[in-house]
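Look at TrEMBL and you will find 46-154 tagged as domain 'HIT'. Taken from TrEMBL, the feature substrate binding site applies to ASN72, GLN128, GLY134, GLN135, THR136, VAL137, HIS143. Marked as motif 'Histidine triad motif' by TrEMBL: 139-143. What TrEMBL lists as active site, tele-AMP-histidine intermediate is HIS141. Under the heading site 'Important for induction of apoptosis', TrEMBL lists TYR159.
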Amino acid sequence: MLGLLRSQLLFALPKTIIFLDLSIHRAYPLVSRSRSSSSKASMAADACTFGPYKIDKSEVFHSTSLSYAMVNLRPLLPGHVLVCPKREVKRFVDLTADETSDLWLTAKEVGGKLERYHEASSLTFAIQDGPQAGQTVPHVHIHIIPRKKGDFEKNDEIYDAIDAKERELKEKLDLDIERKDRSGEEMACEADGYRALFS
């Protein structure tokens with residue numbers, strides 16, 4: 001097809017193509033992932049930011065040495081969460097090899113647990129890498145969305161919905177208008193439920 005080697009992998013998402021050369025990971029030692037406790041106490045030590053925004057520790061439900069997972073301010077479906085690198089990095093290509101590995105390993109772990117938790121049958125993993133791809137917060141993040149049959153009439157509508165939610169969020173943040181977001185209490189309650197999956 002594209003003459004890909006067995007050690008290469010191609011992900012194609014609308015407006016985004018991610019090409020990972022898996023052979024480069026052989027040159028690096030296996031990422032040491034500290035399985036930090038997901039308790040509220042350990043989250044307090046890990047102050048997280050999302051681009052220019054400080055994330056309340058109650059919204060973070062899992063963390064490693066390089067990545068964290070948080071609940072979404074405006075989820076498209078139940079279980080729609082974000083996984084981000086701890087270091088503020090605007091573009092996927094600017095992540096280090098260790099950050100890239102940790103981000104995807106964390107996304108895999110979070111996705112698997114949330115798929116079971118929400119009794120879903122599939123997962124959507126999506127990255128909007130740069131403004132023209134729909135990214136509104138300048139910080140790499142993976143959307144993880146547990147999916148069930150019939151949750152969208154046409155399966156690929158999920159990508160349009162992600163774009164629309166990102167635009168809506170940017171407009172609300174840029175205009176500093178009172179937002180119709182989920183409450184902090186609602187988000188903290190959801191994060192508490194997910195945090196229990198990692199203890």
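Quick reminder: no glycine exception, Cβ is built from N, Cα and C everywhere.
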How do the residues of the domain 'HIT' (46-154) split into helix, strand and coil according to DSSP? 30 helix, 31 strand, 48 coil
Along the motif 'Histidine triad motif' (139-143), what average pLDDT does this model show? 97
Of ASN72, GLN128, GLY134, GLN135, which binding-site residues come within 10 Å of the residue listed as 'active site, tele-AMP-histidine intermediate', going by C-alpha to C-alpha distance? GLN128, GLN135
When the binding-site residues ASN72, GLN128, THR136 are compared by other Cβ atoms within 10 Å, fewest goes to THR136
Whose Cβ, among the recorded positions HIS141, HIS143, has more other Cβ atoms within 10 Å than any of the rest? HIS141
